[in-house]
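Structure first, then comments.
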Amino acid sequence: MGSNVKATAGVPAKAPESVAAVTGGIPSATMVDPGKAARLSMRESNGEKATDSAVATKQKSGDPFERTLTMKDMVVWGLICMVPISPMAIYGGVFADSGGMPTLAFLIGFVAVLFSVFSFGIMIRHFPSSGSIYTYVSHVFGRAMGFIAGWLMLLQYLVSPALVYLIAAIAIHSMVPSIPILALCFAFLVVAGVVSVIGMKTALVVNKVALAAQLVILALFVGFGIAFVAQHPETASFSPTNVFNPDKFELSGTMSAVSLAVMSYVGFGAIATLTQEAKDPQHGPSRAMMVMAIILCVLYVAQCFIATCVDPTGAGFAGDTDNAFYAVAKMAAGPWLMILCAVGVAVAQGVFTAIAQQNSIAFVMFTMAKGGCLPKFMAKMDKRTNSPLNAVFFIIALSVALTLIFHFSGINMNTVAKIPSFGALFTYTMLDVSVIAFCWFQLKQRKGVKALFMHLIFPALGALVCFVIMLSVGEVVLTAGVAFIVIGIIYYLVLTKVLHREINLG
């Protein structure tokens, strides 16, 4: 079913060739090889509940894959895709919601995704030829629930391109206020759209340089930030209250901040799509996700903690939370560091992340169209680029519409950022519940302390934490998310009961 998906725009499909050949195992963020992800998620299956691990693992392998990817390869790829400096874009919103404790918000967000990493690792071992939550849910709970999981992934994915354009535009606008944010949004959209359509063969090397540049920017900020705090003890400090201040702590505000901060962790599950190329498919991807999550947590906490130490009260960016981090960078080292951080965020989000997301989303929609969930015109591949261009054009058009809606409605960027978080947190909750249902109840893997924790306690805690954070996204986002789910249920009923269409995401 998925054997015709051979490549992204201009990039070979096999991960060992597209991932490792140019950069010693470093794949592309712009060409995340979503074609392979689509193949892995379209394995032939009847979509029925799996009741035995042996049955669950006997999925057709489709294309042959060389097992060449090490854990290091997958970790580096994950870092490229996740943007190590992404907290810079949302720092002000997290700071405001958390009462000046953004570091705490990112730490709690890490705990939430940590449990989901465990769940991913378990499901990878049972379903090694897949890499998508909606596939896991389909096997455990059936096609209807699998469709809802895929539908929620669409909520996460479809809003993300417009969001990164907004983030990039705000970053540039902070330096050049004379250029309207809307104009900047469309400038980034045009660049990403053109590259998505014609392909970008040089993306592999470029993305390696982009990752290195982000780490350099982060190191410069941390270094100059530490120096600033040491030189200004009267206004700046390394106080532990910058992490947790009991006098300012409010649970509702903190959880609201976490629902925004967790956006920076969303996407780690993409490593699961590399399972068939991993040298150790049973443990490699899950360990890579774990290592990557820990590295990201350290990087996120470092930049947030130093920023809070430089300006503990937030006085330097009062009234302008969208540009908060850039203001702190200017305070720490001068305008040059502010410009460096802003440009770094703009290019990383508005170019590299945007292109990666558009290509990945296009293949997700291609997969769902192949499975009968979306209109068939999205399941067509362009022979020249070997990409689902119809889906790409749809995403570009939708991004234009959403950008206009977000701009003219006056909706806050931080509110927009919580929309993908809602979709991700809901699907992570479904993933954790799937582990409990599949391992603890269906397979009855209950012997020993390890089984108790991995198959019941950890996924239960993960589901609980993700669900609580999800409920903290705010009334606007929560209402929109619930409405999207209701629309999805109605759409599924129309497809299956009225149009009698076969749905298969297993």
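Positions of Cβ are set from backbone N, Cα and C atoms, glycine also.
In the predicted model, residues of the domain 'Amino acid permease/ SLC12A' (77-473) average a pLDDT of 89. Per TrEMBL, the feature domain 'Amino acid permease/ SLC12A' maps to 77-473.
According to TrEMBL, the transmembrane segment annotation covers 74-92 (among others). The list of residues near the transmembrane segment (74-92) in space but at least 6 beyond its ends in sequence, with Cβ under 8 angstroms from a Cβ of it, reads 19, 25-29, 32, 102, 106, 167, 170-171, 207-208, 210-211, 214-215, 217-218, 260-261, 263-265, 267-268, 270-271, 274, 278, 284-285, 288-289, 291-292, 295-296, 299-300, 303-304, 307, 314, 317, 320-326, 328, 341, 344-345, 348-349, 352-353, 356, 413-414, 417.
With a cut-off of 8 Å between Cβ atoms, the residues of this chain six or more beyond the transmembrane segment (104-124) that come close are 87, 94, 97-98, 131, 136, 243-244, 254-255, 257-258, 260-262, 264-265, 268-269, 272, 275, 281-283, 285-287, 289-290, 293, 296-297, 300-301, 304, 425, 428, 431-432, 434-435, 438-439, 454-455, 458-459, 461-463, 465-466, 469. The feature transmembrane segment is assigned by TrEMBL to 104-124 (among others).
The feature transmembrane segment is assigned by TrEMBL to 145-172 (among others). Nonlocal intrachain contacts for the transmembrane segment (145-172), taken as residues 6+ away from its ends with a CB within less than 8 angstroms of a stretch CB, comprise 47, 89-90, 132-135, 137-139, 179, 181-182, 184-189, 192, 266, 322-323, 326, 342-343, 345-347, 349-351, 353-354, 357-358, 360-361, 364-365, 368, 373, 395, 398-399, 402-403, 406, 413, 416-417, 419-420, 422-424, 426-427, 430, 481, 484-485, 488-489, 491-492, 503, 505-506.
Per TrEMBL, the feature transmembrane segment maps to 178-198 (among others). Outside the transmembrane segment (178-198) by six or more residues, the chain places 9-10, 30, 161-162, 164-166, 168-170, 172, 346, 350-351, 354-355, 358-359, 362, 385, 387, 389, 392-393, 396, 399-400, 403-404, 407 with a CB less than 8 A from a CB of the stretch.
For 210-231 (among others), the entry in TrEMBL reads transmembrane segment.
Sequence annotations record features per position, and here TrEMBL assigns transmembrane segment to 251-275 (among others).
Under 8 Å from some Cβ of the transmembrane segment (287-308) lie the Cβ atoms of residues 71, 74-75, 78-79, 82, 84-88, 91, 94-95, 100-103, 106-107, 110, 113-114, 117, 120-121, 218, 221-222, 225-226, 229, 242-243, 261, 264-265, 268-269, 271-272, 325, 328, all in the same chain and six or more residues away from its ends. What TrEMBL records for 287-308 (among others) is transmembrane segment.
The transmembrane segment feature in TrEMBL is assigned to 336-369 (among others).
Marked as transmembrane segment by TrEMBL: 389-409 (among others).
Annotation comment: TrEMBL describes 421-441 (among others) as transmembrane segment.
Listed by sequence, the residues of this chain that lie at least six past the ends of the transmembrane segment (453-471) yet keep a Cβ under 8 A from its Cβ atoms are 108-109, 111-112, 114-116, 118-119, 122, 255, 258-259, 262, 421-422, 425-426, 428-429, 432-433, 435-436, 439-440, 445-446, 478, 481. The transmembrane segment annotation in TrEMBL covers 453-471 (among others).
Marked as transmembrane segment by TrEMBL: 477-495 (among others).
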Non-local residues, at least 6 beyond the ends, that sit with Cβ under 8 Å of the transmembrane segment (251-275): 15, 19, 32-34, 36-37, 40-41, 69, 74, 77-78, 81-83, 86-87, 90, 93-99, 101-102, 104-106, 108-110, 112-113, 116-117, 120, 124, 128-133, 156, 281, 284-285, 288-289, 292-293, 296, 300, 360, 414, 417-418, 420-422, 424-425, 468-474
